[in-house]
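Listed in TrEMBL for this protein:
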- 38: pyridoxal 5'-phosphate binding site (BINDING)
- 60, 61, 68, 276: substrate binding site (BINDING)
- 234, 361, 426: tRNA binding site (BINDING)
- 247: N6-(pyridoxal phosphate)lysine (MOD_RES)
């Protein structure tokens, strides 16, 4: 039926299934005689076993989704993977999605592929409207495609950084709709930035007849992010949304899913991919979803949401204990931020030092963001880089509750963070005592004189 099974398969069943697919490929035929330049020959038995002897990859030279006659098994793998992934995207919340395909590139290059496809539809366009998010790959995806990003600064609402809709519309009017390739919005992001106002942006795109591409990097795991995409497509225009395989399905880095609501446009994107492609990302995600089943994936989504609530409440307690606060970012369903104001005021270098301390203590993924950092990416200078704003009011630390996180991860992180912050407080107290002693000594010397 091309759907993800409700209950996951055991490993021996999955391996049997993959071996059945592999024997449909010509390189595995007993009497095969290959006289071409690409015959699925593999020198290493280890490499062959690693890929279950599915060596031909996917697609043909002119279309990544096309069936390859001498690789019936690999082609079937490709078709099944795309079908199963589409089923899971619907299950995760985007019910009206009509088409998707797995592409063997990470999110940034997959976005580039979408922009290059739009170039043929809008030959005069040279600009991409982009509500700012300080993540290099999505910025470079536009530059690599040959377009000029028009950065829209975010609005500070309370602690949250939100989409400036008026600035987006004003820029469209100033540049002219026909000169704009698309609006490039974002769902999943680091707090205190929150998902873009997708519904409103989708309406603006529909009103001005401008394509809309959504960077949904790790949004499949969030019902809120998926709901925003569903609603945006319902009330306005979303042409394609792109998500990472590794972040949403816990597989190795190297693949993404391009999905949309217009099947012909998604097919256009797949045909834009030059040449054949590696089947590894498709193989990884198919094995994963067959082993999990829909029940297993739903369980992971539920656990992630529960861990987000737990991380939020425990991080708030820790912040209060250190005279800091958990920033109020209710519109961000994955990432949290804790202020580091006291630390920042104590010592300019203390904030970045905290990041180093956490990393050496095997805490990965926590981002420490100082105030006033400046970075140039492809000749564009970002002030306050990593904070998604020129002048965010305070330094802060990020932590995220992503799919697969366990209670133990949260508890160990909080324990190590608490210890690091106590170290800084102790050092600050010692420095204060030293300064006070120096002041007393100086006063004593003056009295003696």
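Numbering starts at 1 and runs along the chain as displayed.
Note that Cβ sites are derived from N, Cα and C of the backbone, with glycine treated the same way.
Binding residues for substrate (60, 61, 68, 276) extend across at most 10 Å, taking the greatest CA-CA distance. Distance noted between the C-alpha atoms of residue 426 (tRNA binding site) and residue 247 (N6-(pyridoxal phosphate)lysine) is 38 Å. On the backbone, the CA of residue 68 (substrate binding site) and the CA of residue 361 (tRNA binding site) stand 49 Å apart. For the recorded positions 60, 247, 361, 426, the ranking by surrounding Cβ atoms (within 10 Å, all protein chains) places 247 first.
Distance between Cα atoms for residue 276 (substrate binding site) and residue 234 (tRNA binding site): 34 Å, as a whole number.
Here residue 247 (N6-(pyridoxal phosphate)lysine) is positioned 23 angstrom away from residue 361 (tRNA binding site), judged by their C-alpha atoms. Remark: of the binding-site residues 61, 68, the most isolated position is 61 (fewest other Cβ atoms within 10 Å of its Cβ). Of the listed binding-site residues, namely 234, 276, the sparsest CB environment within 10 A is found at 234. Non-local neighbourhood of residue 38 (pyridoxal 5'-phosphate binding site): 56, each in the same chain, at least six residues away, with C-beta under 8 Å from its C-beta. Taking the C-alpha positions, the distance from the residue listed as 'N6-(pyridoxal phosphate)lysine' to residue 60 (substrate binding site) comes to 28 Å.
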